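> These came from TrEMBL, pasted as-is:
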TRANSMEM  15-39  transmembrane segment
TRANSMEM  60-77  transmembrane segment
TRANSMEM  149-173  transmembrane segment
TRANSMEM  274-292  transmembrane segment
TRANSMEM  354-375  transmembrane segment
TRANSMEM  395-418  transmembrane segment
Amino acid sequence: MAATEATTIEDTPTWIVAAVCSAIVLISFAFERSLHYLGKALERRRRTLYEALLKLKEELMLLGFISLLLVVFQEPIQRICIAESLMGHWLPCRSDGKASSHHGVAAASAAVVSGAGARRLLGEGTAGSGHCSSKGKVPLLSLHAIEQIHIFIFVLAVTHVVLSAVTVLLGLLQMRRWRHWENAIKADGDFGPKMINRAQQFKFIQDRYKGFHKVTMVIIWMRSFFKQFYGSVTKDDYTAMRLGFVMEHFRGHPKFNFYDYMIKALEKDYKRVVGIKWYLWIFVMIFLLLNITGWHSYFWISLIPLVLLLLIGTKLEHIITQLAYEVATKHTAVEGDIAVSPSDNLFWFHSPRLVLALLHFILFQNAFEFAYFIWTMATFGFNSCIMDRLPYRVSRIVICVVVQVLCSYSTLPLYAIVSHMGSSFKSAVFSDDVADNLREWADEARRRTGRAAAGVGCLGAAAGSSRREGITYKTCERGNKRYTVLR
């Protein structure tokens, strides 16, 4: 039997090799062609989603490179030997005093805990284990463990992409009724004389204000916390924020399609969320490190996205309340419809984009929890010790589902509209060709400015450089003139 397990391609019938390779190549080409045709369809209709698909391809390429590295370096990793005593520390499962039976030098490979504590020995006599046993040590990582890590990285990447797509699709479904509100507002547009009404008569003020200055801040924040669970954005909220955005940025264009702009901006943000940034991989390494028996670390880690999501939802609801408060305190009467005043000061650190970064982390962390649960259950079984005790397992999966549903149906729609209550608007306000032309024009302007300054020259002149908003400025003085070069 051992000889059968150790069979190489030299002893394998050619029809088996050709059949297996053909099946793998066929599946790969079918997947690649599917992505190609999907990209062509999105490029014609939804350019921003097409860019998200390109981002997905980049992540798949990175995943393929990681897989290649694991395959290429599996033998060198196995030949890294460590002392057997080191294998008894920081274990995800209790060894019950049998560390020697798990990692003994006589054993040619690692034992994997499965089911009710039974162990399955892997292929014996591998080069790595034999190399280390001759030195009285054990391999750093077994071949089977490397394969399991390989599978886990694949499951994590796929789960993150799928759950991000599901979150955005469910959020768009939840915001579908907003299109009807937009159409109704544009259809009922009255450009004649406008009536003057008391600010307190508007339902937006009545629902949000309610004597803001008469209650404590604790009660205000508590109301914002519970508001995210029911009717997070009403038609009155949408009307007030839409008019505030139009009056702030497009005062001469009252029929501006705020809904289409908002959805297009959300699709652009999705392109950023679907990617796995380098610092997110650092979090993965930290989470894997902390999975120590008795710590229940994955249960506590699952609470992080839930707490962050509740904080973000509360903050976004509180911003709408602040907008209503400013109108109620600054205006006794309002001509026509009520309009709020967007400002970056309403957001944490005056940065609306910080909310997107936090949502990105939340979605990735929730995907990590789902991926780890699926991978562990498929690899070791539901009753494995690595899954932790039953109450913790159930609690983790319930928290993950709650985060996914709450983010899709409440937090994401809130972000989609409240993120535009800052002091500036996003590039999604332009069509794709206009945005591309503007970028080209800006790049050409930088090059022309650089060439002009280079023609004047900074030789023999005092020079300095600074960086702001991703652009490097080089300033030089010659005589009584100052030149600024965009690098």
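Including glycine, each Cβ sits where the backbone N, Cα and C put it.
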> Please indicate, using numbers and ranges, the residues of the same chain that are 6 or more beyond the transmembrane segment (149-173) and have a C-beta under 8 Å from a C-beta there.
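That would be 56, 59-60, 63, 66-67, 70-71, 141, 263, 266-267, 270, 273-274, 276, 284, 363-364, 366-368, 370-372, 374-375, 379, 404, 407-409, 412-413, 416.
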> For the transmembrane segment (274-292), which recorded stretch in the set 15-39, 60-77, 354-375, 395-418 gives the largest number of Cβ pairs separated by under 8 Å?
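Top-ranked stretch among 15-39, 60-77, 354-375, 395-418: 354-375.
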> With CB pairs under 8 Å as the measure, which of the listed stretches 15-39, 60-77, 395-418 comes out on top against the transmembrane segment (354-375)?
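The stretch with the most contacts is 395-418.
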